[in-house]
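Quick look at what Swiss-Prot annotates:
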ACT_SITE  H233  active site
ACT_SITE  R249  active site
BINDING   12-16, 36-38, 44-52, 156-158, 192-193, D212, 356-357, E380, 391-397  FAD binding site
MOD_RES   H45  tele-8alpha-FAD histidine
REGION    581-602  region 'Disordered'
Amino acid sequence: MQTFQADLAIVGAGGAGLRAAIAAAQANPNAKIALISKVYPMRSHTVAAEGGSAAVAQDHDSFEYHFHDTVAGGDWLCEQDVVDYFVHHCPTEMTQLELWGCPWSRRPDGSVNVRRFGGMKIERTWFAADKTGFHMLHTLFQTSLQFPQIQRFDEHFVLDILVDDGHVRGLVAMNMMEGTLVQIRANAVVMATGGAGRVYRYNTNGGIVTGDGMGMALSHGVPLRDMEFVQYHPTGLPGSGILMTEGCRGEGGILVNKNGYRYLQDYGMGPETPLGEPKNKYMELGPRDKVSQAFWHEWRKGNTISTPRGDVVYLDLRHLGEKKLHERLPFICELAKAYVGVDPVKEPIPVRPTAHYTMGGIETDQNCETRIKGLFAVGECSSVGLHGANRLGSNSLAELVVFGRLAGEQATERAATAGNGNEAAIEAQAAGVEQRLKDLVNQDGGENWAKIRDEMGLAMEEGCGIYRTPELMQKTIDKLAELQERFKRVRITDTSSVFNTDLLYTIELGHGLNVAECMAHSAMARKESRGAHQRLDEGCTERDDVNFLKHTLAFRDADGTTRLEYSDVKITTLPPAKRVYGGEADAADKAEAANKKEKANG
């Protein structure tokens, strides 16, 4: 097994991983940085993000407003000190991206343009047409090429991390092009591996988003936090799950049922706004969890449209006009034509909620470090405490760069002070990784990884979807336990050493099953409804701050069982209150302003 010596290893070369690598290179120009990715960096899932990235940019906006929107949007399960750090650093990172070449869309006067996004009181979403993720990733990738100390290991699949006496010491990866193993020694490792959306049947995620980093951390005793909170995006294309960005609604698109009725006004997000005049926190610009839940209610009422690919509602953009659509949403027009045969200029787009984002992830502190010294996690694979029970759109792209930078700087500092590990113990671990791989390749049985993966996706959709019941969640838990047993009998039929996808998909499935069990058990144990976790059983349909204003921590014990613990939520300045949107939110804002004025007048 070849060995490469580095100071810092970063797993994942999407937005978070690239930003961490750049920050590390800037913090210590002499540091050797290994950047490992199972795909070429520009194929990372960040490239699929369309809508935008949040940062205060206008005089009538403020850090306080962004903080409030994020905490309320997360249904008060956010770590408020983390949110405060985040909102204050977003503008700096957006400006830095521009200095590196990110082509933010502009107003006629040359100032940066910002669009409305759901759950936000004021428009603060920076965007580059409707390919924001692509432009951010391209900017970060080309910037990273300026630093020769960043050595890329493209198309390398990380099999496991190496840990000695509570401190990370490196990792073992497979060179997918050759089928050989490489040991990368480093005294700090940053996980930037993305979410776990592929454990669901229909999702907006790329094929690489399989929960690998979460699974590796879990196997070393690091808990996954708040895994019951999985966001459904309200507007995915039926069948494919391809995303129709929230920017569509930010520009003025509307959602209608089979009767042409704008149904969101019936679910606490009204009154109805004028056509083509979107209003922050109203109607289509409500938070994603509530907009997705409204679809479910319309489906139950029989107000959705039946199609061969499932029930849908319509996203109508026609009133925006051809010029605006081709200027602001050109990619959306292309996608709608290619995947559902619809020209948004002339017809409404069929959409339905689709699994989109993992709010939970690898538990970290406010500096992105886990319980294992030197092991950091950032981006969607992590739970730093930013999103709580429901993420606001455009906060995630900003999270990649704000916390990517922080993780890179902190990991560089940790690596410089780590000392040396037990060489014999580390080598023994690496040999163990190699042996487990051989055992998997030679495993005998009649099971097929693809069939197990499909059954997992269906089970997660049925039991851990938009609305949940104890019966369906238990059915999912039982099914996952069955699939875990069947996974032990998966047979790998491809014997090649070069790009053996049969082997790689099997390894991904193993991580996915472990992560899915954390999601299902965490959901069953949270006997309340909060954010993206909504229950229908009696006594659990409302938020319960007395018993469940706390984080769920899911551990995987040595015998394969999922064990749950809980930790407190950090509340600093904004105590829990009712989440309100639409006219109710305006009334609450007016009452708060009047109260402040009265106090000021003494």
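Note that Cβ sites are derived from N, Cα and C of the backbone, with glycine treated the same way.
As the structure is a computational prediction, the values presented were derived from the model and not from experiment.
Mapped onto this structure are the features recorded in Swiss-Prot.
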residue: G12; record: FAD binding site; Cβ contacts under 8 Å, 6 or more apart: I36, S37, S44, M191, A192, T193, G194, G213, G379, C381
residue: H45; record: tele-8alpha-FAD histidine; Cβ contacts under 8 Å, 6 or more apart: G14, G194, N205, G206, I208, V209
residue: T46; record: FAD binding site; Cβ contacts under 8 Å, 6 or more apart: G14, G15, A16, G133, M136, L137, L397, L400
residue: G51; record: FAD binding site; Cβ contacts under 8 Å, 6 or more apart: R115, F117, T125, F127, D130, T132, T245, E246, G247, G250, G393, S394
residue: H233; record: active site; Cβ contacts under 8 Å, 6 or more apart: T204, L243, E246, R288, S292, P353, T354, A355, H356, Y357
residue: R249; record: active site; Cβ contacts under 8 Å, 6 or more apart: R116, G118, T235, L255, P278, E284, L285, L315
residue: E380; record: FAD binding site; Cβ contacts under 8 Å, 6 or more apart: A16, G194, G195, V209, Y357, T358, G361, S396
residue: N395; record: FAD binding site; Cβ contacts under 8 Å, 6 or more apart: A54, T70, F86, L386, H387
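Counting residues 6+ beyond its ends, the region 'Disordered' (581-602) has Cβ neighbours under 8 Å at 119, 265, 268-271, 281-283, 286-287, 290 in the same chain. According to DSSP, the region 'Disordered' (581-602) comprises 19 helix, 0 strand, 3 coil. Here the Cβ of A192 (FAD binding site) has 35 other Cβ atoms within 10 Å, regardless of which shown protein chain they belong to. A helical conformation is recorded for E380 (FAD binding site) in the three-state DSSP classification. DSSP gives G12 (FAD binding site) a coil state; it is part of no helix or strand.
Note on I36 (FAD binding site): other Cβ atoms within 10 Å of its Cβ, all shown chains, come to 26.
According to DSSP, H233 (active site) sits within a strand segment.
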